[in-house]
């Protein structure tokens, strides 16, 4: 492997004898990776693992949560391009990302998720940068959900449209959802199942009522000269990404090597249907005025099609759906910090669990970030998180391909049925899309995002200084398998 720059801080690893060995970060690049044994993942006997059905809905809420927030796609590009976008875009982006998550998530079934993937392929420095960018993008993404929640309620409660009532509502919502995360991931998982069913049913009812009113010709309306490509692509990208977020919960899943790939497959079908059919109903049963298609417009469509009762149902579904998105995103963000701490990439106090098995410090940090960012507008939040997310995805693609090339014989419980060349080709379309999304970002978004990346690059040497002074401790959990094996037997295990 190519030698990485010295990040400036050390991590203590415990060998099989229990003795701690201090290793300078950046010195793992010439070490071979042998594979992951599930027996090494930390287990809390009194904590229930997440099963298949809750896992499907956790993924559903990590990625989607329903059609709430896709309205801007019609405003930006009209009915035809919006419908085509949610049919074609999944094959360009969602399917490759879900497949990579299935392979890498079963290869590394622990809470570090994509941080572990990148660290094993490129070294701990880039693992930290991956974690920093993805955690920031996740927290920025989570700041959307109180905004969307209140946008759907402000028509019924105008006071929530702005001022102190809105600020107070954001704080109360964040505290309430944070407490739910604190109480346990299995609670969050089954809560997500209930919310998912409740949020999908009104659109089934709306679809049945709308059948006599559908005008198929409305679906074909397009004005290619009047398309806001930046808003269009950002809306598609935001609504169809984050498939990899579930990887940071892999350590909490029951038998992840078998459960995770199946759950990703079922969730992919659920997400695409939850977007496409409501768009089909809304653009086919109601005359399309593009300027009216903004976040919250599906409740107006429900009123036009079915009456006030259906509007209230959709508003309630939207509110509860945003609750689901919030709690699942916070779970991934906080467990990611726990996984990074267990790998010695960030200070060990982030690895502290509550009596419910949840990452208490990570939850508090993630909730604080949401409160700080919740004053941003919807479009600003989407653009900023997309920009940072894109950089993180580039590192994931590189790590995926590098591990395929360097260690093709390493056990992969689920393996995408393509060779090395196929793996590279699979990553080309989403990489092109990433470049387009980055190029369409506003100067303000670029400036803020690059500033965040620069800050992240300064944290490793700062961590090194604090450890040297004895202010912070960094250590890898003895229960985890050693991804950066310090013996040469691993290299020979790949040969023989």
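Every residue gets a Cβ built from N, Cα and C, even glycine.
Per TrEMBL, the features are:
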- 52-70: transmembrane segment (TRANSMEM)
- 76-100: transmembrane segment (TRANSMEM)
- 112-129: transmembrane segment (TRANSMEM)
- 165-182: transmembrane segment (TRANSMEM)
- 188-209: transmembrane segment (TRANSMEM)
- 221-243: transmembrane segment (TRANSMEM)
- 263-281: transmembrane segment (TRANSMEM)
- 356-374: transmembrane segment (TRANSMEM)
- 386-405: transmembrane segment (TRANSMEM)
- 417-440: transmembrane segment (TRANSMEM)
- 446-465: transmembrane segment (TRANSMEM)
Interface check, the transmembrane segment (76-100) with the transmembrane segment (417-440), three or more C-beta pairs under 8 A: yes
Most Cβ pairs under 8 Å with the transmembrane segment (52-70), selected from 188-209, 221-243, 263-281, 386-405, 446-465: 263-281
Stretch-level contact, the transmembrane segment (112-129) and the transmembrane segment (386-405), CB cutoff 8 A, at least 3 pairs: yes
Most Cβ pairs under 8 Å with the transmembrane segment (417-440), selected from 165-182, 188-209, 263-281, 356-374, 386-405: 386-405
Long-range neighbours of the transmembrane segment (188-209), counting only residues six or more past its ends (CB under 8 A): 50-51, 53-55, 57-58, 60-61, 65-68, 180-181, 274, 277-278, 281, 301-302, 305-306, 310, 313-314, 316-318, 320-321, 323-324, 327-328, 331
Distal contacts, the transmembrane segment (386-405) - CB-CB under 8 A, six or more residues away: 33, 97, 100, 103-104, 107, 114, 117-118, 120-122, 126, 129-130, 133-134, 136-137, 140-141, 234, 237-238, 241-242, 244, 420, 423-424, 427, 430-431, 434, 437-438, 441, 445-446, 449, 452-453
Tertiary contacts of the transmembrane segment (263-281), as residues 6+ beyond its ends and Cβ separation under 8 Å: 52, 55-57, 59-60, 63-64, 66-67, 70, 73-74, 79, 82-83, 86-87, 90, 94-95, 98, 101-102, 200, 203, 206-207, 210, 214, 219, 239-240, 243, 246, 298, 301, 305
